[in-house]
């Protein structure tokens, strides 16, 4: 509960800075994800294999999430230290962009494969390696060294991480569902509805990262 309170306090205190990062770094990634997944849904529908479109969407979404948390992790780390340097936040994002992108792809494939085979392995892999972007930014461990460290963290803190991810995930889904209901009351335009969902993600992601980063810095580092 204390972690949630600390995260909410930081979210309110750094709201404008977080929104700047959301709209300059995260929003372009969400747009790319939107158009890419729409392309694959149309492609696989022609092949009568929509299930593969769902898998592709899941993989892309996980990769975007891994990349999107990078600037917020660095911002939260700076807030804990008491000094904010936005230039350094952007530098951190581009410094870790490629290694987190590659390992995010590996992570997404592992979770997808584990989920297809059996649900439990997918869930275990999801939690075990969920902290590797935090390991990269906070500890500077990337590539397979970062993966190894993330596995150690995920194994030792499995149930707290599972609880936080489930709690935050359900909270986000509830907000997205309410946003969807309100959107369809206004218009049936698919692009408008998608933009509303993106806006919800842009506002929620900094809080999600704040919770997870506080847990990492306070309980793990």
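Keep in mind that glycine also has a Cβ here, set from the backbone N, Cα and C atoms.
Taken verbatim from TrEMBL:
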type	residues	note
TRANSMEM	20-43	transmembrane segment
TRANSMEM	55-73	transmembrane segment
TRANSMEM	93-110	transmembrane segment
TRANSMEM	116-137	transmembrane segment
TRANSMEM	158-184	transmembrane segment
TRANSMEM	190-217	transmembrane segment
Original post:
Can you say which of 20-43, 93-110, 158-184 has the most Cβ pairs under 8 Å with the transmembrane segment (116-137)?
Top reply: 93-110
Original post:
Against which stretches of its own chain does the transmembrane segment (190-217) lie, if we need a Cβ under 8 Å and a gap of at least six residues from its ends?
Top reply: 3-4, 6-8, 10-11, 18-19, 21-23, 26-27, 30-31, 34, 65, 68-69, 72-73, 76-77, 80, 131, 134, 138, 153, 157, 160-161, 164, 168, 171-172, 175-176, 179-180, 182-184
**OP:** Using a Cβ-Cβ cut-off of under 8 Å, list the residues of the same chain that are 6+ residues beyond the ends of the transmembrane segment (20-43) and lie near it.
**Re:** 50, 52-53, 56-57, 60-61, 64, 67-68, 71-72, 75, 86, 89-90, 93, 194, 198, 201-203, 205-206
Original post:
Near the transmembrane segment (158-184), which residues from the same chain, at least 6 beyond its ends, have a CB less than 8 A from one of its CBs?
Top reply: 3, 126-128, 130-131, 192-193, 196-197, 199-201, 204, 208, 211-212, 215, 219
